[in-house]
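Feature annotations, reproduced from TrEMBL:
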- 6-21: transmembrane segment (TRANSMEM)
- 33-52: transmembrane segment (TRANSMEM)
- 109-132: transmembrane segment (TRANSMEM)
- 152-171: transmembrane segment (TRANSMEM)
- 183-207: transmembrane segment (TRANSMEM)
- 230-257: coiled coil (COILED)
- 384-402: transmembrane segment (TRANSMEM)
- 431-452: transmembrane segment (TRANSMEM)
- 472-493: transmembrane segment (TRANSMEM)
- 529-548: transmembrane segment (TRANSMEM)
- 582-646: region 'Disordered' (REGION)
- 588-624: compositional bias 'Basic and acidic residues' (COMPBIAS)
- 625-641: compositional bias 'Polar residues' (COMPBIAS)
Amino acid sequence: MSGAALGLEIVFVFFLALFLLHRYGDFKKQHRLVIVGTLLAWYLCFLIVFILPLDVSTTIYNRCKHAAANSSPPEGSNMTGLYATATSVPSQHLCFKPWSYIPDGIMPIFWRVVYWTSQFLTWILLPFMQSYARSGGFSITGKIKTALIENAIYYGTYLLIFGAFLIYVAVNPHLHLEWNQLQTIGIAAANTWGLFLLVLLLGYGLVEIPRSYWNGAKRGYLLMKTYFKAAKLMTEKADAEETLEDVMEEVRKVNESIKYNHPLRKCVDTILKKCPIDYQEKMGRNMDDYEDFDEKHNTYPSEKSLVKLHKQVIYSVQRHRRTQVQWQILLEQAFYLEDVAKNETSATCQFVHTFQSPEPENRFIQYFYNPTVEWYWECLLRPWFYRILAVVLSIFSVIVVWSECTFFSTRPVLSLFAVFIQLAEKTYNYIYIEIACFLSIFFLSICVYSTVFRIRVFNYYYLASHHQTDAYSLLFSGMLFCRLTPPLCLNFLGLTHMDSSISHQNTQPTAYTSIMGSMKVLSFIADGFYIYYPMLVVILCIATYFSLGTRCLNLLGFQQFMGDNDMTSDLVDEGKELIRREKRKRQRQEEGENRRREWKERYGHSREDSTRNRNVHIDPKESNFSEMSTNRSTSKYTRANNRTERDRIELLQDAEPLDFNAETFTDDPLESESGSQTASSMKSKVMFACLAISPQSV
């Protein structure tokens, strides 16, 4: 099994990152470099989280083996060096090799490749790709030039700081830094920045994740919050539509001014391809290709203004598409929560949906997850499951907060993570060690990464599911993951006292901490910032528990969901009315479709039968007589007969019963004309249609 666990986890983590990227990104529309860069960043970060428990178990085995090799067995005994005495190895246990043991020399190389690749992505490549993806240039050269100009200040700042540091070291005779020390200083600087942001995100996630599951058990709370989201999303949706209209108006003006033989016409065509299809058709119909651009002395836009317009088109179209998809998803969620509220009082114990799912469900799922099972899960079991899960997550959060405040204490050991790992280390229960490490890192990662997925920096950074995340946000998330994951793992190793700089013990370090170098070069960071700054998580958790950040955003004008706020109540009422309006609209659409289907099934077959019978039962005499009469008829009667036949066909194709109890009518021309007629006139039309399709009417 040597190395097999490592290989399996490498493959599993790759497909996990690919699945998440497919959920948030769009493989068909987004650039391949954006997909590859984001996938590589996510993959490396998830790989660190999943592989680190294997590194811990391998390190514990190597410590045991090293202690047993250094111990001297009694004379005349047959004990080998793998047996440890009571003074060196606890409990005199044999150093059993873990099932997931990784041979020596593999993990250091693996961590160096993973770490330095992620750092190259987050500090150099991904920022450049962000500017490249956001650029409105019309060629690869133009986009690269724009990206280099935008990142000149970004890269220049780093070079200036690094150059000043090198000059200081060269001038000061008391400092003699080698390459390894410079490498350690760079790693410490990156980890310090990551730890600063890590504690902020962790303090929010430790409280918000358990609270979200606890509130998820409250149906009324979820429904009110969904109404609140609907009101805010409708405002954003309207703003996105207005922005798109303004941008399309600018595109229309540019399209009309720059004709087919203008040198910048190719740029305009590129912009038109990024516009929605309906706008492309409108602009195509209004375009006159026979006008030369130099016949009228007009002022034409420059290439720089077209680049800016191209950038605006990409952003506005992406935002408009995203709000449309999110609105549909939010409607489905609201309808489902309303169905749950209605079915809670059902006496039949079967879940009834107001609207059927447009996508056909799997037969396997339909068989096991039938309406009865769905009712018991949604109305009875799910709230209790969420409450139990919230309590378990709250216990984990308390353990993390306590350990963050006490992990620097080695005698006595106060960090609960260190206590659990040391107890398992005494019995060499490697399975327990790996499970405990994985669950701990996984919980810390969920608290941090979920906050990354939830935060929203205005409209520039926003991770939206269902393939609605733009390239800029995907790359930005990859940058955050690469900057947060290394300090997250270092913090976990400090909590478990596997980091020798925290435990102050002369023991073999893990392969992960060995590539980080000794932090003694920067003692004020190793003994100060890394020890005391994580304690700030207590203050952040208290602030999150009392929703201080939400209240501050409300005061600044950014409306947040708060139960004791008048503005929140107004937005909830507005969202409720919007959901009710959309529900009535969908109900009318379904009723109209059902009526059309029934009408076609009822009268479509009878029309075909009457036509078939009419062709079969025609008498030869009648046919001869009709031919003679047709030859003698005038053009006046011919036009009259043709008009009558056309009216009868149109009536057969379009006539259908109307819903006189509906509040509004659809946009169907026949229904709009018939809305002013009485019920008796409608009945006469139906009778005329029946007479028209009968054989006796010929």
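Every residue, even glycine, has its Cβ placed from backbone N, Cα and C.
Highest Cβ contact count with the transmembrane segment (183-207) among the listed stretches 33-52, 109-132, 152-171, 384-402, 431-452 falls to 431-452 (criterion: pairs under 8 Å). The transmembrane segment (431-452) makes no contact with the transmembrane segment (109-132), as judged by fewer than three Cβ pairs under 8 Å among residues 6 or more apart in sequence. Below 8 angstroms of C-beta separation, residues 202, 206-207, 209-211, 213-214, 216-217, 414-417, 443-444, 447, 537-538, 541 of the same chain, each at least six residues beyond the ends of the transmembrane segment (384-402), sit close to that stretch. Averaged across the coiled coil (230-257), the predicted model reaches a pLDDT of 92.
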